[in-house]
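S.K.: One structure, pasted below without further comment.
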């Protein structure tokens, strides 16, 4: 039975304890690129195809005729148009692109879902998750490596309640996804920051000082000489992380560190697709406008809708 995030936490700590002291831990969350292709529309639309469909779904472009491609693109457009008003806005396009890029996450959640929806009611309640993850462990003594399973359960419960937007103590598929992958959801960012601070803050003052910051990344293990990157991180803390120069990082400073305001690739791509396809320049797209530019969205030779559309229910 899969157990997340407990097994992940255990594995992470094992890796942490066995890591070489020269290795650096990175807690910063960056958005993955929409595509590894160059974004050069004068050359081809490969980047746009991968951004719109997801990289796995855009690998092959020789399976469908243009007519089939247009028909299936039309089905996707109906899903992008969330309010069913007949138009696709830039925000709807942005959300679709983010959804397509999260495909691997949703597949992971599907696997977890099978292990935790014990009564098959299409929800995972906190009790179901707790029983499946901690049921047999709580009766055992905590291991010598410092794990406290009751504390971990309390922390998971707090995260579960944060993900549970309607407060009914049971998660639908989207809420369960937010619980398992909080860094992917804006409304879960506070819990990501809080959990990070709790991990690093060893003296319990609710802040991260320089020693705690460095200690989380680097363990000296008797070696008197520090690698150069440790010196650089000390300078980063003093000059950039600690913005108010009080020698410690608070919640806002920690957020700026681990959740930097990266360039929003999905938003930029959504605006690009809208600009290129909006024939009447009204700031929104009709299904016909998108289908007319199907070569931009999915390719002129038929695309890997084999996956993206045959499996359209996942979207």
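Numbers run from 1 along the shown chain.
Placed from the backbone N, Cα and C atoms, the Cβ positions cover glycine too.
Values in this document were obtained by computation on a predicted structure and should not be read as measured data.
Per Swiss-Prot, the features are:
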- 81, 83, 85, 92: Ca(2+) 1 binding site (BINDING)
- 117, 119, 121, 128: Ca(2+) 2 binding site (BINDING)
- 151-186: domain 'EF-hand 3' (DOMAIN)
- 164, 166, 168, 170, 175: Ca(2+) 3 binding site (BINDING)
- 188-223: domain 'EF-hand 4' (DOMAIN)
- 201, 203, 205, 212: Ca(2+) 4 binding site (BINDING)
- 242, 244, 246, 248, 253: Ca(2+) 5 binding site (BINDING)
- 265-300: domain 'EF-hand 6' (DOMAIN)
- 278, 280, 282, 284, 289: Ca(2+) 6 binding site (BINDING)
S.K.: Around residue 201 (Ca(2+) 4 binding site), how many other C-beta atoms are within 10 angstroms of its C-beta?
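M.R.: By my count, 19.
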S.K.: Taking the centroid of the Cβ atoms of 201, 203, 205, 212 as the Ca(2+) 4 site, which other residues of that chain lie with their Cβ within 8 Å of it, listed in sequence order?
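M.R.: Other same-chain residues with Cβ inside the cutoff are 200, 202, 204, 206, 207, 208, 209.
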S.K.: Quick one: give me the count of other CB atoms within 10 A of the CB of residue 280 (Ca(2+) 6 binding site).
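M.R.: Result for residue 280 (Ca(2+) 6 binding site): 9 other Cβ atoms within 10 Å.
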S.K.: With every protein chain in view, what's the tally of Cβ atoms within 10 Å of the Cβ of residue 168 (Ca(2+) 3 binding site), excluding that atom itself?
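M.R.: Result for residue 168 (Ca(2+) 3 binding site): 12 neighbouring Cβ atoms inside 10 Å.
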S.K.: Using the CB centroid of 242, 244, 246, 248, 253 as the Ca(2+) 5 site centre, which other residues of the same chain sit with their CB within 8 A?
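M.R.: For the Ca(2+) 5 site the neighbour list reads 207, 241, 243, 245, 247, 249, 250.
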S.K.: For the domain 'EF-hand 4' (188-223), could you work out the same-chain residues 6 or more beyond its ends whose Cβ comes under 8 Å from its Cβ atoms?
M.R.: 21, 24-25, 27, 29, 155, 158-159, 162-163, 178, 182, 230, 233-234, 237-238, 241-242, 247-251, 254-255, 258-259
S.K.: Looking only at the domain 'EF-hand 4' (188-223), how are its residues distributed among DSSP helix, strand and coil?
M.R.: 21 helix, 2 strand, 13 coil
